[in-house]
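> For reference, the structure I am asking about is given below.
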Amino acid sequence: MTNIRKNHPLMKIVNHSLIDLPTPSNISAWWNFGSLLGLCLGIQIITGLFLAMHYTSDTLTAFSSVTHICRDVNYGWIIRYLHANGASMVFTCLFLHMGWGIYYGSYTYSETWNIGILLLFMVMATTFMGYVLPWGQMSFWGATVITNLLSAIPYIGTDLVQWIWGGFSVDKATLTRFFAFHFILPFIIAALVMVHLLFLHETGSNNPTGIISDADKIPFHPYYTVKDALGFLLLITLLLTLVLFSPDLLGDPDNYTPANPLNTPPHIKPEWYFLFAYAILRSIPNKLGGVLALVLSIAILAIMPFLHTSKQRSMMFRPISQTLFWILVADLLTLTWIGGQPVEHPFIIIGQLASFLYFFLILILMPTCSLIENKLLKW
């Protein structure tokens, strides 16, 4: 009898991707975050679909429809908070996934890495548009401030902003189009994830040592499916704890006030996962310079393969590079803290120093350090 798993055209693809996939035998828990992101995407699409059934993208009724979901729809409150806090889980896993990629030198798989960066940009765009939909104060003013940044682009900036708004300010047209894009983008992200995996399976997974492990591979199932299942359990436990005990912990109280174009909140700030980029944006007094720094803070990841000067792929056996990596992590945490603070002394100078250090570490210190470590290998 023929084995359907190995011979059926569709099952064969699943088999080669999830069951008989040759996987390095020494990959650690850091390799769990890819599958956790897949779980998060699934949760977000399902909860988002149910929310979209009850949400109305009209400036007059958007806020009320979200209230209606929480009060009147069966289990609407849990669906809404799973979706809102699910976004925080997505970014927690994303940052850890990227951090591990940098630490273990996975960016040398340039196709997989570049599609990952494209995915990051798309996830950030989707999340930003989703934050606008409840039409609270922070939704409205966040949309106004962030879209207004495009006006810094010379010559076409003002026209571009009005084109995105669909008028002369953030209004009904803006909300409707943001809802449309917020709905469609996760499906495009899901398709890109498939391409991300396609390129990954062309080369095979990296491992903590950074050394080619073709001589020592084990099947993905059952060894890593069980490991992923444990990760799923921990992630769902963490998400449900957050949703059931303190669902508004990561939100902004201002978003429980309906949007009012005549009343500006005292501190306009995005969700916690954008604060590091927001701090970099604010640290440069010039508007265009700030926007460029904001884009480059993410786009800089694309040149990481070209900045890799070490003879070793992973940082596992490179203590000086490890130190710089953890300084970079501390710097990003500092930027996240600064992004949530008001624009006043001493936060301005701390933000500027942290922003400078971020670029200096990635562009100068880490490549230089790798060259020094290469010299030390000969001693």
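Cβ coordinates are placed from backbone N, Cα and C, and glycine is handled just like the others.
Straight out of Swiss-Prot:
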type: BINDING; residues: H83, H182; note: heme b b562 binding site
type: BINDING; residues: H97, H196; note: heme b b566 binding site
type: BINDING; residues: H201; note: ubiquinone binding site
type: TRANSMEM; residues: 33-53; note: transmembrane segment
type: TRANSMEM; residues: 77-98; note: transmembrane segment
type: TRANSMEM; residues: 113-133; note: transmembrane segment
type: TRANSMEM; residues: 178-198; note: transmembrane segment
type: TRANSMEM; residues: 226-246; note: transmembrane segment
type: TRANSMEM; residues: 288-308; note: transmembrane segment
type: TRANSMEM; residues: 320-340; note: transmembrane segment
type: TRANSMEM; residues: 347-367; note: transmembrane segment
> Does the transmembrane segment (347-367) make contact with the transmembrane segment (288-308) through 3 or more Cβ pairs under 8 Å, each pair 6 or more apart in sequence?
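Yes, the stretches contact each other.
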> Residues sitting near the transmembrane segment (226-246): Cβ under 8 Å, six or more positions beyond its termini, same chain?
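Distant contacts of the transmembrane segment (226-246): 29, 32-33, 35-36, 39-40, 43, 78, 81-82, 85-86, 88-89, 93.
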> When you measure from the Cβ of H196 (heme b b566 binding site), which residues in the chain that are at least 6 apart have a Cβ under 8 Å away?
T112, I115, G116, L119
> Let me spell it out: take the transmembrane segment (178-198), skip the flanking residues so only those 6+ beyond its ends count, and list any with a Cβ under 8 Å from a Cβ in it.
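Same-chain residues near the transmembrane segment (178-198) but 6 or more away: 17, 37-38, 41, 44-45, 48, 52, 55, 57, 112, 115-116, 118-119, 122-123, 125-126, 129-130, 132-133, 143.
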> How long is the line from the C-alpha of H201 (ubiquinone binding site) to the C-alpha of H97 (heme b b566 binding site), rounded to the nearest angstrom?
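Approximately 17 Å lies between the Cα of H201 (ubiquinone binding site) and that of H97 (heme b b566 binding site).
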> What three-state secondary structure does DSSP assign to H97 (heme b b566 binding site)?
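In the DSSP reduction, H97 (heme b b566 binding site) maps to helix.
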> Sequence gap of 6 or more, Cβ distance under 8 Å: name the residues on the same chain that satisfy this around H182 (heme b b562 binding site), in order along the sequence.
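The list for H182 (heme b b562 binding site) reads G48, T126, M129, G130, L133, given in order along the sequence.
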